[in-house]
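Have a look at the structure below, then the notes.
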């Protein structure tokens, strides 16, 4: 049985467009890219260590 959400844009749920798949438009595609480039999406994991917390000098 086909998945009805498979042909929907992950951002706005409109039908996908072949030129912009898996998105519906260039606008949604660009908005998704901006989320990855900014702080919109984050991958789970342990917090990154800060060298200053260990008393080390930051690299130049």
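Glycine residues also receive a Cβ, built from the backbone N, Cα and C atoms like all the rest.
Note: TrEMBL annotation is automatic and uncurated.
Per TrEMBL, these features apply:
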BINDING   9, 12, 24, 28  Zn(2+) binding site
REGION    40-60  region 'Disordered'
COMPBIAS  51-60  compositional bias 'Basic and acidic residues'
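Of all the binding-site residues listed (9, 12, 24), 12 has the fewest other CB atoms within 10 A of its CB.
What surrounds the Zn(2+) site, by Cβ distance within 8 Å of the Cβ centroid and not counting 9, 12, 24, 28, is the set 8, 10, 11, 13, 14, 16, 23, 25, 27 from the same chain. The Cβ of residue 28 (Zn(2+) binding site) lies under 8 Å from the Cβ of 9, 11, 12, 14, 20, each of which sits 6+ residues away along the same chain.
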